[in-house]
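Worksheet: the structure to be examined is printed underneath.
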């Protein structure tokens with residue numbers, strides 16, 4: 001029996017979903033969440049999302065307060081597209097409100113588990129923050145975004161389980177360097193300075209600092225020192241080969257950032273598919289982060305797995321496309337005011353003569369199609385184990401969450417600050 005046959009049980013002879021479903025809020029919600037795992041050519045799941053979304057919105061005014069909050073949250077953040085720790089915290093609260101329909105013992109275990117992990121995560125954040133302060137790049141590079149707490153939260157979205165403590169430590173630090181690199185190439189460096197830095201990173205040798213400006217020397221030496229330290233640690237477990245793959249991805253990222261800088265300084269609007277999106281796979285930073293996310297993982301992260309991800313497999317391309325386009329949508333207006341490099345919005349408008357609204361609609365369709373590709377890559381057998389695919393999927397979920405309505409990373413003092421506090425600091429109410 002096909003998995004689609006399960007959904008056909010809820011349709012009539014014409015293939016429409018049965019109207020009786022509209023009175024079952026929990027059933028609609030379950031159908032809505034299940035349909036989020038759709039892939040291409042599954043029209044019955046496309047219709048399920050349309051059907052459930054429409055009727056859940058109609059039901060909202062009639063629902064109890066707790067159920068209304070749960071439905072509203074699901075419509076904005078379906079489980080397949082959100083951060084696990086945030087969803088866990090939210091659903092504990094939702095189910096506490098529905099004591100009559102929930103197993104209280106199960107809720108108590110969930111609360112205990114969340115609290116234990118929260119304490120562990122707070123200790124990890126203290127260690128990361130200490131490292132960040134000792135590095136002192138935030139003070140020396142005042143133009144860069146100082147977001148170490150937000151980046152640790154980002155990392156928690158990739159993996160929160162106890163066994164990934166070392167992996168989280170490494171990935172958060174990589175995120176810090178990626179964020180600074182982005183700011184250097186996007187907002188601060190001149191084209192001449194960026195040319196010198198790009199060449200130095202290609203060489204990946206401390207001798208390459210001779211032509212760099214003072215602030216770039218600080219960044220560059222800090223970057224190389226960090227990767228050297230990671231290599232020394234991994235060498236103890238015969239896993240130092242992993243670092244070469246991570247460095248290679250960092251070089252690809254810098255090339256992509258440099259290409260954007262050249263477009264900007266040349267007042268060039270690139271072609272949407274063959275130029276912008278091709279470069280955007282790397283400029284999304286997801287290939288760099290996905291590769292780095294495996295550095296501190298177990299023996300399943302083999303050399304063959306690193307070779308596989310370095311070829312930009314479809315699941316990584318889909319993840320990167322989603323992250324790139326979501327970022328473009330929420331930062332578009334601000335970047336126009338700043339006179340920044342053309343994003344996918346301008347590229348699409350320029351190439352197809354579309355309005356801004358038409359470009360937004362089309363790009364959201366592209367995002368949904370890439371989610372279908374991503375789902376297919378996660379659900380079908382692959383050349384690497386699922387445990388290695390989860391960080392790729394979870395990086396996409398973080399992007400969906402952080403770039404939902406705004407660039408919550410750049411403007412983290414808005415809504416993101418409260419979410420981080422809820423996950424990392426606030427105790428669960430009894």
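Backbone N, Cα and C atoms are what each Cβ position is placed from, and that goes for glycine too.
DSSP assigns residue 186 (Mg(2+) 2 binding site) to a helix. The Mg(2+) 2 binding site feature in Swiss-Prot is assigned to 182, 186.
The Mg(2+) 1 binding site annotation in Swiss-Prot covers 182, 186 and is backed by similarity to another entry. Taking the Cβ of residue 182 (Mg(2+) 2 binding site) as centre and 10 Å as the limit, one finds 17 other Cβ atoms among all the protein chains shown.
The motif 'DDXXD motif' annotation in Swiss-Prot covers 182-186. Across the motif 'DDXXD motif' (182-186), the model assigns an average pLDDT of 94.
Under the heading Mg(2+) 3 binding site, Swiss-Prot lists 335, citing similarity to another entry as support.
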